[in-house]
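Working notes, beginning with the structure itself.
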Amino acid sequence: MDSRNDEEAPLVFVSGEDRKVRGGKSYTRDVHILSISFLLIFLAFGAAQNLETTINKDLGTISLGILYVSFMFCSMVASLVVRLMGSKNALILGTSGYWLFVAANLKPSWITMVPASLYLGFAASIIWVGQGTYLTSIARSHAKDHAVHEGSIIGVFNGEFWAIFACHQLFGNLITLTLLKDGKEGSTSGTTLLLLVFLLIMTLGTILMFFIRKLDGEDEKEPVGSSMGLVDSLVSLPRMIITPLLDVRMLLIVPLLAYSGLQQAFVWAEFTKEIITPAIGVSGVGGAMAVYGALDAVCSITAGRFTSGLSSITFIVTGGAVAQASVFLWLLLGYRTTSGVLGTVYPLIMAAVLGIGDGILNTQISALLALLFKHDTEGAFAQLKVWQSASIAVVFFLSPYISLQAMVIVMLVMVCVSLLSFLVLALKVESVFTRDE
């Protein structure tokens, strides 16, 4: 393989035998089912999460903080759980945590919300590691069976998944706007009906998850209860957690993984509260998040279609980082809440740009990990969730104690550091990959 003739070659190795068209089965059906299932589950959870601090006040804020701390620690062992259970079983079990969390909001108290948040942290860790592993595996199988470029298929599959997933912000907020009504003296009516509708939708998403096909070879895995397989896995657990961090490529990606979580938490915890609400009111939060979700979806599928390897990922990620950095600079240097049409338009423009950046980061990080860490897919995606959830938890816990200006400065510094680190990776990855081979 001559890397000078093909700049993407160091990322994807395709043997001569793999180039033969073998008329293999198509995996696009599984991508459709997986994507729609996640849409149904997260349009309910995402909307409930957006309302958590409004409806449950301090209990809601602390519950979300507990959730993401649990998510962070459970992500350290999620790759082990997924390997023992198989990706499909992990995906199905993972849906239960989201269902229980929304159900706990029907009777919110410390007794119901704290255990539900802790369990959701575990469920979220295995569903997301399972999702990354499953989507990457079927993309590779599809590319191999149909003799097409692996990087392109990974980009297309991730683009479709993240585009459909991003629509949860749009549909979830529209359902909330329809069913939730403002009452007298700041009270809210329709909460119980809204949560019951969400539980029904999530149940449909869970049922749909049963229809994805198991990955090739998962039926031959040792049973979860196998003492030998369990002991071997527990012995190898420290190595599974630490080994990815010994790889220079992962170390260079970590700032980008952390930033991807920070920018999501910034939108949930700061942008809606400090920018949207003062400009267009609480009722405008749903509309702004719908704009955010719509642009997130469009950009996800567009970025996925243009993804073919490291060069394309580098170009797309740079564009998304610069776009989000421009919003942070605007907030830091020139933005002021104004009245009239511009007072409404400016926050919506910011929401759109932040949504574009989120769509880019979701698709490109998933594609990057799939291409660079094909021999430890579960471990790579576990690292993604460890760093994302840790940064999200930090934002939720610190948000009440620091100003918007301080938070924006942190975001601006992190986007610059993560982009610089990623560009260093782009320059060095070819030689590192060749040395590893």
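Just so it is clear, glycine is given a Cβ too, placed from its N, Cα and C backbone atoms.
Those TrEMBL annotations? Automatic predictions, nothing curated.
Residues annotated as transmembrane segment in TrEMBL: 31-48 (among others).
Feature annotation from TrEMBL assigns transmembrane segment to 60-82 (among others). Long-range contacts of the transmembrane segment (60-82) within the same chain: residues 49, 52-54, 90, 101, 108, 113-114, 116-122, 124-126, 128-130, 133, 233-234, 236-237, 240-241, 378-379, 381-383, 385-386, 389-390, 392-393, 396-397, 399-400, each at least 6 residues beyond the stretch ends and with a Cβ under 8 Å from a Cβ of the stretch.
The transmembrane segment annotation in TrEMBL covers 89-106 (among others). Within its own chain, the transmembrane segment (89-106) is flanked in space by residues 34, 37, 41-42, 44-45, 48, 52, 55-56, 67, 81-82, 112-113, 115-117, 119-124, 126-131, 134, 192, 195-196, 198-199, 202-203, 205-206, 209-210, 212, which lie at least six positions past its ends and keep a Cβ under 8 Å from the stretch.
Marked as transmembrane segment by TrEMBL: 118-139 (among others). Sequence-distant neighbours of the transmembrane segment (118-139) (same chain, 6+ residues past either end, Cβ-Cβ under 8 Å): 27, 30-31, 34, 38, 66-75, 77-79, 81-82, 85, 87-88, 90-91, 93-98, 100-101, 150, 153-154, 156-158, 161, 212, 215-216, 366, 369-370, 374, 377-378, 380-382, 384-385, 389.
Annotation source TrEMBL lists transmembrane segment at 191-212 (among others). Here the transmembrane segment (191-212) has long-range neighbours at 30, 33-34, 36-41, 43-45, 47-48, 55, 88, 91-92, 95-96, 98-99, 102-103, 105-106, 134, 175-176, 179-180, meaning same-chain residues at least 6 beyond its ends whose C-beta is under 8 angstroms from one of its own.
Long-range neighbours of the transmembrane segment (248-269) within the same chain, counting only residues 6 or more positions beyond its ends whose Cβ lies under 8 Å from a Cβ of the stretch, are 49-50, 292, 317, 324, 351, 354, 357-358, 361-362, 365, 368-369, 372-373, 380, 383-384, 387-392, 394-396, 399, 407, 410-411, 414-415, 417-419, 421-422, 424-425, 428-429, 432. The feature transmembrane segment is assigned by TrEMBL to 248-269 (among others).
Marked as transmembrane segment by TrEMBL: 275-298 (among others).
Residues or ranges marked as transmembrane segment by TrEMBL: 310-333 (among others).
Annotated transmembrane segment per TrEMBL: 345-372 (among others), in sequence order.
According to TrEMBL, the transmembrane segment annotation covers 408-427 (among others). If one looks beyond the transmembrane segment (408-427) by at least 6 residues along the same chain, the residues whose Cβ comes under 8 Å of a Cβ in the stretch are 249, 252-256, 258-259, 262-263, 266, 310-311, 314, 317-318, 321, 324-325, 328-329, 331-332.
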